[in-house]
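Enquirer: According to TrEMBL, the record shows the following:
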type     : residues               : note
ACT_SITE : Arg216                 : active site
ACT_SITE : Glu245                 : active site
ACT_SITE : His262                 : active site, proton donor
BINDING  : Ser45, Thr67           : substrate binding site
BINDING  : Asp147, Asp240, Gly265 : NAD(+) binding site
DOMAIN   : 21-289                 : domain 'D-isomer specific 2-hydroxyacid dehydrogenase catalytic'
DOMAIN   : 108-264                : domain 'D-isomer specific 2-hydroxyacid dehydrogenase NAD-binding'
DOMAIN   : 320-391                : domain 'Erythronate-4-phosphate dehydrogenase dimerisation'
Amino acid sequence: MKILLEDTIPFGTDYLNSVGEVETYAWQSLVPEMLRDVDILALRSTTKVTPELLISASKLKFVTTATAGINHLDKTHLDSVGIMHSSAAGCNAVAVAEYVLSALLHAQKAQKLDLYNATVGIVGAGNVGTALSRILTAVGIEHCLYDPPLQQALAGTGKTKHNGQSFVDLAQIAQCDVISLHVPFIKGGDYPTYQMIDKTFLEGLTSNQLLINACRGEVIDEAALLSVLQGEKSPTVVLDVFDNEPAINTALFDYVWFVTPHIAGHSVEGKVRGTQMIYEQICEVVGTAPNKALSDFLEKTNPIKAALNSPEATRLSVDDLIAVFHNVYDVAIDDEITRNAFALTSGHDETPDAHIANTFSALRKQYRVRRECSAYALHLPQNTSKQIQNTFTELGFQVSLV
Ligand SMILES: NC(=O)c1ccc[n+]([C@@H]2O[C@H](COP(=O)([O-])OP(=O)(O)OC[C@H]3O[C@@H](n4cnc5c(N)ncnc54)[C@H](O)[C@@H]3O)[C@@H](O)[C@H]2O)c1
Ligand SMILES: O=C(O)[C@H](O)[C@H](O)COP(=O)(O)O
């Protein structure tokens, strides 16, 4: 069984070399001829699986992506030619939720938000939306959900809430202090998401609101966003994703608070979990039992020793949360790296458009090592209250008192 893997899949060969004859291809080098004798193809989101790519793939029986998003797979075509397909649903949900938490903590620090009195509107309550809801519940931040397909599916089973949270409509989401987008990019059908955050929605926002997009750029009408951002009552905006990646519109950078190059889900855990998931799927297709685990591939981290200002309080203070959590992930670091990379305009011989696309892609490919809360042992003072210990445990830390 020949398995062709994109070289962006961490530990792909280590996971799969006992399952079949593994070959890798360099990122962005895949052409139809390379698929002539391939049975299984595994890739990530920047490789588009189109009818043209598959023209010679007569043996191909399974395509899988080590990512949550699947809009790069032409599912209609795969179904029509009988090629099975799958994805790593939920692999990086926690990473994205941690990205959003970091943005919220910065908003509190910058006095853009009173976090413990704010409401977060989560658009899309799937794996990422649910992971974010869990984090917000752990920290005690009010939130609500907008997800008509899920709401309808749950209504069929007599449920009106998801994860204990209520559903609202899009008009109510538009009133929230924070709006965080976590839907797939879907064109057409009953619940399209293409530009669902449209001109009218954007023009209704005020300077007291924070809009975060870490799902897909196409979900926002980006031209309308730029025009609103250039206006008087522009909301604060955090963008991890853009229209037309990697050839993005960098004019947005001057108006957006934090910009990052589509890395919200790029924790080590998020990526390796993706590999673990596609490994298990491929084992099933091949008919072999998986015998490798995530823990075989994840290295240990150094512990974090937290000196809390108010360890005995019954509620974790935002300052103490910031002091601990920004050891794990700080979106401002990625914003700075991104802006610095795009600021280097000389020393290359590319056209401006090619320079933007290459810079965006390079930032993603060379992304730093970033771990999730679950990778860290957190040492708290002996007098830390049970409530604060629980909050950190629910955030994923391995908590102990020292
Ligand atoms: N920036 C990143 O690094 C990153 C990482 C992971 C995922 N993503 C993106 O985020 C998306 C969501 O990820 P996920 O893992 O939660 O996916 P998911 O499939 O688990 O959840 C998506 C949710 O959106 C809901 N939904 C679909 N259409 C909707 C609509 N019109 N209005 C409201 N809700 C709708 C679905 O019912 C579902 O509950 C992915 O498809 C991917 O494009 C980005
Ligand atoms: O859909 C996803 O899982 C995310 O957008 C993910 O970050 C994509 O990562 P990529 O394949 O582009 O490295």
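Note that Cβ sites are derived from N, Cα and C of the backbone, with glycine treated the same way.
Remember, it's a predicted structure, so these values are computed and weren't measured experimentally.
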Enquirer: Near Gly265 (NAD(+) binding site), meaning Cα within 10 Å, which of Ser45, Thr67, Arg216, Glu245 (recorded positions)?
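Expert: Final answer, ordered: Thr67.
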Enquirer: Considering the binding-site residues Ser45, Thr67, which residue's Cβ sits among the greatest number of other Cβ atoms within 10 Å?
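Expert: Max Cβ neighbours within 10 Å, all protein chains included: Thr67.
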Enquirer: Quick check for the class: what is the C-alpha distance, in angstrom and rounded, between Thr67 (substrate binding site) and His262 (active site, proton donor)?
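Expert: Here the two Cα atoms lie 12 Å apart.
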Enquirer: Return the members of Asp240, Glu245, Gly265 (the recorded positions) with CB less than 6 angstroms from at least one atom of ligand 1, or none.
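Expert: The qualifying recorded positions are Asp240, Gly265.
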Enquirer: Using DSSP, how many residues of the domain 'Erythronate-4-phosphate dehydrogenase dimerisation' (320-391) fall into helix, strand and coil, respectively?
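Expert: Helix (H, G, I), strand (E, B), coil: 45 helix, 4 strand, 23 coil.
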Enquirer: For ligand 2, list the recorded positions among Asp147, Arg216, Asp240, Glu245 whose CB atom is within a distance below 6 Å of it, in sequence order.
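Expert: With ligand 2 as the reference and 6 Å as the Cβ limit, the list is empty: none.
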Enquirer: Do you know which of the recorded positions Asp147, Asp240, Glu245 has the most other C-beta atoms within 10 angstroms of its C-beta?
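Expert: Output for this query is Asp240.
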Enquirer: Given the recorded positions Ser45, Asp147, His262, tell me which ones have a C-alpha lying within 10 Å of the C-alpha of Arg216 (active site).
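Expert: Correct set: His262.
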Enquirer: Tell me, in order along the sequence, which recorded positions from Ser45, Asp147, Asp240, Glu245 have their CA within 10 Å of His262 (active site, proton donor).
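Expert: Cα within 10 Å of His262 (active site, proton donor): Asp240, Glu245.
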Enquirer: Cα-Cα separation of Asp240 (NAD(+) binding site) and Ser45 (substrate binding site), in Å?
Expert: 15
